[in-house]
Amino acid sequence: MKHKIKHIHFVGIGGSGMGGIAEVLINQGFQISGSDLNGNSTTKRLQCLGAVIHHTHAAENIQSADAVVISTAIQPDNPEVIAARERRIPVVPRAMMLAELLRLHQGIAIAGTHGKTTTTSLVASILAEAGQDPTFVIGGRLKTVDSHARLGKGEFIVVEADESDASFLYLQPVLTVVTNIDADHMSTYEHDFNRLKQTFVEFIEHLPFYGMAVLCADDPHVSAIIPMVSKQVTTYGITSENAQIRATDIRHDQCKMHFCAHIGVNGSARTLDITLNLPGKHNVLNALAAIAVGNELNIPDEAMVKALATFGGVDRRFQQYGEIRLPDRRSFTLIDDYGHHPAEIAATMAAARNAFPGRRLVLVFQPHRYSRTRDLFEDFVRVLSSADALLLTEIYSAGEEPIIAADSKSLVRAIRVQGKIEPIYIEHINELKSAVHTVVQEGDVVLIMGAGSIGKIAPGLAEPTMKLTLITG
């Protein structure tokens, strides 16, 4: 039956989770087409690989398709979805298509509210360094291969497992990681945090009897579900003394981290001296998760150490543009990051302060979704108030309708009441560049954050100026 599927169409193919799957399928020999209203680097790359890309949503786009793949961002009234259902063309959720890829490999699925993309990239890099030639599908562009995805010849596939719509329950990996559990996408779980935790347990229980769950013992909510898990478990952490894989002697070195990784699993014990080419304690935890996976798969220590030391990074994950000089000779350090949850913002700001101690931190943030802003409003106010200067643009709706008192102006008012900083509200994102140039002082660190259209701002900030030095680690 499967051989009848030759042409697969993706609705919203430019999305990070969609483009990676499409690329793997192209490399497997499938004919791929897709639609996306806004072209981006993903659609351009797919076109170069042979995909047919449409920049409209229209019924005729799926004319010869044997299956249509959709993400949860695609609404039921999309004309391509309507046409597919009318013609009885299978409409396949993105996670179900990802599950098909896992069925053909030994699947490693990285789950958690934060850190999925970086951890997935670290695991893929460790396997590649060990000569395992893994397939991977990542939510960001891995710089070493200039892609979200790659079809390898080895037995392993490494993927992100998305809890935002509970679609990770489609996946049946042999090894899984849970980095943390935090309040996000709570409408999926009817605003019941216990239901969210229970869904993670259900995800872990999809492992086969010989499978392994790698769980972060430092995260209180992950620790809370460990007694509910019947599968084999390896724990990791920094502060948890009972973790089987621990980091000690952690040192910041500009945009790198040094630490000792103590591995005590199955009665054996050894220590690795690690240099991680990423900043921040949160990335030390991500590296420990990757080490735990490598240890379970018997990856040589030398390969793990080298992969972490030479890790090339992921687009928009503490992506450094170096020192930028303005025409009036003021210079500042520019960093771009995808983080959009208060916990992610706090961790990234801490990493920036440790990497560039004593320098003023200017945060430029675009909130993502009205519902997230409403649900985490007080956390946003607290975290955003800790910047030295704040530029806040209007919310990127991601298709949501506005919610009263859950917009950027409301955040600005609440932050102003705190009295710590005077936030600057920028209504139109195309005004951000000039606003940054106005606010920035000599020696500042400018941190751009958000998951929406703000991703286009950092390249524009760097373009017309003179790069002094590019800091790579």
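Cβ atoms here come from the backbone N, Cα and C positions, even for glycine.
As recorded in Swiss-Prot:
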BINDING   Gly112, Thr113, His114, Gly115, Lys116, Thr117, Thr118  ATP binding site
For this session: Which residue among the binding-site residues His114, Lys116 has the fewest other Cβ atoms within 10 Å of its Cβ, if you could check?
Result: His114
Exercise. Quick one: which residues besides Gly112, Thr113, His114, Gly115, Lys116, Thr117, Thr118 have a Cβ within 8 Å of the ATP site's Cβ centroid, in sequence order?
Worked result: Ile110, Thr119, Thr179, Asn180, Asn286
For this session: For Gly115 (ATP binding site), just count the other CB atoms lying within 10 A of its CB, please.
Result: 24
For this session: Count the Cβ atoms, other than its own, that fall within 10 Å of the Cβ of Thr117 (ATP binding site), considering every protein chain shown.
Result: 23
Seminar exercise, completed: One finds that other Cβ atoms within 10 Å of the Cβ of Thr113 (ATP binding site) number exactly 22
Exercise. Name the residues of the same chain, 6+ apart in sequence, whose Cβ is under 8 Å from the Cβ of Thr118 (ATP binding site)?
Worked result: Leu278, Asn283, Asn286, Val314, Arg317
